[in-house]
Amino acid sequence: MAHLGSRRRMSPGLRTRIAHRKAHRTPPSPLIAEPDEMMGKAHELFQLCDKEDKGLITKRDLQRLQNELPLTPEQLEAVFDSLDQSNNGYLTPVEFSMGLGKLLGVNLSHEEEKENSMMEETFESGWSDGPDEEDDAEEMLFSATMEHLGASRIFQEHKEIRDLWSRLRKERPELLSHFEEFLYRVSSYIRDVHHEKDTLEQALKRKETDHGREVRCLYEEMEQQIKIERERLLKKVLIKGDHGLKNYSHLIMSKV
């Protein structure tokens, strides 16, 4: 699924809590400098994937790392699937950074893991400025999902579909993929029906055009035949008239 939209902003309270935590934490030891470096690299990779500044990345976005990581497209898909623990089709910055660090074997200290866990909770609770932005983000995700399924023109304006999709995503995520598969099949069927309808209309138009052409040809042939017949009859009348005139002249001459 390709998700479009504006990047959600970090709330002022979140910035203050992060700055306070950084100011009071103990200096990192050489043992945990590598994880910090890894998290920074993960952030850079996330930015490379998130060219549109959506605030999250999809499986397609992750393919942009082919030039950065020695991984094939199939391996990148496998990486995405392993990081997408919630099976919602996208990764947040926290999910990507934490998951990538674990995937590459970076061992965090107990204190660092605890802090990252707190950071993750902070991100979850403070990333958005309010419910309106969350609704906008979900609406954009739904739109992107429908676009990916090829169903945007069919189901985009159906509020019932939108509400059911949102409810499954929040309450029954294990059923969401089945619902999206159903939408994909229905939209594919509707597109096929529309294609057949368009094909039939084009065939009828061609048939009408061919029929009109045949009618015009018949009309032209009929006009030509009428013209020939008219000329033949006129010629016949002229011949008869000329013959009658000659007979009449002979009759007059004989009487004289």
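Any Cβ shown, glycine's included, is placed from N, Cα and C.
The annotation Ca(2+) binding site is assigned in Swiss-Prot to Asp84, Ser86, Asn88, Tyr90, Glu95 on the grounds of sequence analysis. Neighbour list (Ser86 (Ca(2+) binding site), Cβ cut-off 8 Å, at least 6 residues apart, same chain): Glu95, Pro173.
Sequence annotations record features per position, and here Swiss-Prot assigns coiled coil to 190-235 based on sequence analysis.
Annotated compositional bias 'Basic residues' per Swiss-Prot: 1-10, in sequence order.
According to Swiss-Prot, the domain 'EF-hand 1' annotation covers 41-69, on the basis of a curator's inference. Per DSSP, the domain 'EF-hand 1' (41-69) is made up of 18 helix, 1 strand, 10 coil.
What Swiss-Prot records for 71-106 is domain 'EF-hand 2'. Across the range of the domain 'EF-hand 2' (71-106), the DSSP-based residue counts are 22 helix, 1 strand, 13 coil.
Positions annotated as region 'Disordered' by Swiss-Prot: 1-32.
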Original post:
Over the domain 'EF-hand 2' (71-106), what is the model's average pLDDT?
Top reply: 75
Subject >> Neighbourhood of Asp84 (Ca(2+) binding site), C-beta criterion under 8 angstroms, separation at least six >> reply: Tyr90, Leu91, Glu95
Original post:
Within the chain of Asn88 (Ca(2+) binding site), which residues six or more apart in sequence place their C-beta under 8 angstroms from its C-beta?
Top reply: Arg169, Pro173, Leu176
